[in-house]
Amino acid sequence: MMLGKVRALVAAAMVVLAMPAAALAAGPESVAKLAAALSPAVINISTTRHVGGNGAPFPTAPDGSPLNQLFDDLNPNEGQGPDAMEEARSLGSGFIIKAEGLIVTNNHVIEGADEILVFLTDGTRLTAKLVGADDKADLAVLKVEAGHDLPFVEFGDSDTALVGDWVMAIGNPFGLGGSVSLGIVSARDRDIQSGPYDDFIQTDAAINQGNSGGPLFDMNGKVVGINTAIIARGGSSLGIGFAVPVNLARPVVEQLAEYGETRRGWLGVGIQDVTVEIAASLARPNSNGAMVVDVTRTGPADGVIREGDVILEFNGRPIVKMRDLPRFVAETAVGQVVPVKVLREGQEITVDITLGRLEVGEQIVAAQQPAPAQPDDSEEPVGPPPGLKDMLGVDIGPIDEAARKTYAIDGKVKGVLITDVAKGSDAERQGLLVGLVVSEVNQQKVTTVAEVTDKVGAAKEAGRPAVLFKVTDPTGASRFVAVKLN
C-alpha cells in the first residue's frame, strides 16, 4: 500500500514538472498585438553609394537587333565613358527612438553612403541625414523630417534579458520589408571579435541579411538589443544571431545624438589577459583582472599605474575578463575621477585616476610610436648561462649592436635577447621566439644575463611553479608570459 502511494506521488510530480516544459516549448500564445504595436516604429533603410566604373565594355548587338533595347535598359550609363559613375545599393533596418524622427541603426548599414532613404511601414519614403556614427560599437544615428510626430519605441534594460527569455526581432530581411521573428536569448556576453567592446546577446530568433540595425524586443515591448551580426551559411540564418545590448548602445547613441561623435573615457594603458600560468606565477587564486603591459606617457594613468600591475576593479566593478576593462572605461564620462584597484608586488592597492578622452588618447598613442632602432654599446660577453635552458627551455644573451641589426630591435628597447627556444618546451608553447627581448622577470626590470639568471634561480628556490617574463618585440610592443619551471 505504501509503495503504491509513493509511486503515485512520483508520477504526479513528473506530470507537474513536465507541464511547464511543455508550455514553454510552445512559446508565448501570440505576439500579434505586440508586433502590431511595435512595427510602425521599425523602418527599412536603403543606401546608395556612387562608385567609379571599371571601364569594362558592355555587350552590344547588331543595329536593329531587339537585344539592343535590353542592353540599354540594363546599362543606362552606356555612352558615358569608362569612368562613368555606378551605384552600389544596400539594405538594412533601423528603429525610431524619438517622435521627431531620430533613428538608430548599425554603422555598417550606412557606412560610405551618399544617399540614405528610410521607408516607413505606411510606404512613406524619407531622405535621412547622418547625425553621427561609431565604427567601434557599429552604431549610427540618423534623422528624418516627416513634418509630424512619428511612432517610436523605447530602450529597455538589456541586463534583464536572461538566457531562455523570449525575444522578438523585427526588420527588413533580404529587402522584403517588415518581418517578425521570435526566439529566445541563447547566450550572453558573446565575443565574436568584431570590435573592442564585444558583449553580444546571442539569439535564435531568425536574423538574416537586411535585419542589421533592427531592434530586438523583450516581451514588454522594450528594445534590449540592436541586431548586428549572424553566423550564416549561404547568406541565410542558422539560428545564431547577435545583438548589441542596449545598455552598451545607449550611451553611444546619446553621445552621437548630442555631439555627432563619441566621447569615451580613456585610461591610457595597454593590457593583456591574465592567463592561468600568469596567475600561478603571481600566486593568485584565479585569472581575473587585466595585466598592464604599457602605460602611455602623459596619459591619465601615467605615474599612477605601473607596467606589471594587474587591474582588479574599475570604479567598483570587478574585472573578471581582460576585455571587461576597455568597455567599463569607455562607458565612463571623460573627466570623471574613478577608483582603480590594482595588484602590485603582491599587494592590493586602490588609486584614483581622472579619465581622459579616448579619441584624443588615440592621437597621443600614435604620436608616441617608437623611433628607428639605434645601436647598443653593450659589451657584455656573449653566451647563455648554464642551466637556464634546462629550467625554462630558453637561452638568452645580451643585446649587442649585431643583435639590434639582425632583429631590428628599437634603440629604446632594453633587456636581454632570447637566442634559442627548446622544441616542445613550455616556453615554445607560450609563444616565446628567438629575437624577442626579456625586459622583466617576475615584475623586476632586467638588463643583463646575470640578472635574469639570479631572478630565475630565486624563483626556483622559492618554489614558484613558473617565472613571469615581460617580453618585448623589436617594435617595442610588450606582453607578459608565464613559463613553467622544470
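Cβ from N, Cα, C; glycine included.
Predicted automatically and left uncurated, TrEMBL annotations should be read as such.
The signal peptide feature in TrEMBL is assigned to 1-25.
Annotation source TrEMBL lists active site, charge relay system at His108 (among others). Taking the Cβ of His108 (active site, charge relay system) as reference, residues of its chain lying under 8 Å away and at least six apart in sequence are, in sequence order, Asp138, Ser212.
The substrate binding site annotation in TrEMBL covers His108, Asp138, Gly210, Asn211, Ser212, Thr228, Ala229, Ile230, Ile231, Ala232. Mapped onto three states, the DSSP output places Ser212 (substrate binding site) in coil.
The active site, charge relay system feature in TrEMBL is assigned to Asp138 (among others). A coil conformation is recorded for Asp138 (active site, charge relay system) in the three-state DSSP classification, outside any helix or strand.
Of all Cβ atoms in the protein chains displayed, 27 besides its own lie within 10 Å of the Cβ of Ser212 (substrate binding site). If you look up TrEMBL, you'll see Ser212 (among others) marked as active site, charge relay system.
Taken together, the residues of the domain 'PDZ' (256-321) have an average pLDDT of 93. Per TrEMBL, domain 'PDZ' is recorded for 256-321.
Under the heading region 'Disordered', TrEMBL lists 368-387.
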Q | Summary of DSSP states over the domain 'PDZ' (256-321), given as helix, strand and coil counts | A | 10 helix, 20 strand, 36 coil
Q: Enter the number of other CB atoms within 10 angstroms of the CB of Asp138 (active site, charge relay system).
A: 25
Q: Count the other Cβ atoms sitting within 10 Å of the Cβ of Ile231 (substrate binding site), across every protein chain shown.
A: 13
